Amino acid sequence: MLPYPQIDPVALAIGPLKIHWYGLMYLIGIGGAWLLASRRLNRFDPTWSKEKLSDMVFWMSMGVIVGGRLGYVLFYDLSAYLANPTLIFEVWKGGMSFHGGFIGVMLAAWWFGKRNNKTFFELMDFVAPMVPIGLGAGRIGNFINAELWGKPTDLPWAMVFPPFSDPAQLPRHPSQLYQFALEGVALFLILWLFSRKPRPTMAVSGMFALFYGIFRFIVEFVRVPDAQLGYLAWNWLTMGQVLCVPMILGGLGLIWLAYHRAPAKSAAQ
């Protein structure tokens, strides 16, 4: 069994102001995505300035934050937030939905593209390889918060999470680290290498949706579902898996369309 590193969720406290690691992970993810996007900016559109890139990253980041929070409220715990709406704003306590954030990013991409003469999939293909940076950083934030841990296990890398998080004090799968490895590291490598060469429009977006959906679906088997939802069916199906099914099918559909439709301008990522 591996020891769980005791890390204070508050990274810095200045008087009443508290800066949480969870929030810092979002900033690190957004900053890392911007740096990587700036490296490929000339390949995407030589006429774009760093300022325009920053504008795009800003609006997509707003889509992640607002969509992620609203997605969690709608998909995972609607009744609790209806009973106490002020809880919606307590984002430092966790409670973000990837699928909600993904919808938020798509809406931001559509809106920004309409105003900058870019199609929806041109922007999505460009940003997709950068998204795993934010996903990986977010999973580290989950780990520091000692949330979203896995089922009990006797594997040698099991961890006992703090009593405030897991009163049962059982050795568990560190499922946040599994997701960091798959959604952050593995997905980044797949998309970064795949997009090094020009690909048909929609291909990179399809790869992102497909592999994220697969990775998340797999990890959900060892991750404990949200207590207020539990399993939706068969004592194993979770809300996360249900939301991943359309991503997997949509990803396959996008890849098929990208390579079988009439020839179109290739997207150089």
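Yeah, the Cβs are placed from backbone N, Cα and C, and that goes for glycine too.
Taken from Swiss-Prot, the feature transmembrane segment covers 10-30 (among others), and the record attributes it to sequence analysis.
Taken from Swiss-Prot, the feature transmembrane segment covers 56-76 (among others). Listed by sequence, the residues of this chain that lie at least six past the ends of the transmembrane segment (56-76) yet keep a Cβ under 8 A from its Cβ atoms are 26, 30, 33-34, 37, 88, 91, 95-109, 111-112, 116, 123, 127, 134, 226, 228-229, 239, 243.
Feature annotation from Swiss-Prot assigns transmembrane segment to 92-112 (among others).
The transmembrane segment annotation in Swiss-Prot covers 120-140 (among others).
Annotation source Swiss-Prot lists transmembrane segment at 174-194 (among others), citing sequence analysis.
Marked as transmembrane segment by Swiss-Prot: 202-222 (among others).
Panel annotation: around the transmembrane segment (237-257), residues 75-76, 99, 102, 202-203, 205-214, 216-217, 220, 223, 225-226, 229, 231 of the same chain, lying at least six beyond its termini, place a Cβ under 8 Å from a Cβ of the stretch. Per Swiss-Prot, transmembrane segment is recorded for 237-257 (among others), and the stated evidence type is sequence analysis.
Here the transmembrane segment (174-194) has long-range neighbours at 2, 128-129, 132-133, 135-137, 139-140, 142-143, 147-150, 157-159, 203-204, 207-208, 211-212, 215-216, 218-219, 222-224, meaning same-chain residues at least 6 beyond its ends whose C-beta is under 8 angstroms from one of its own.
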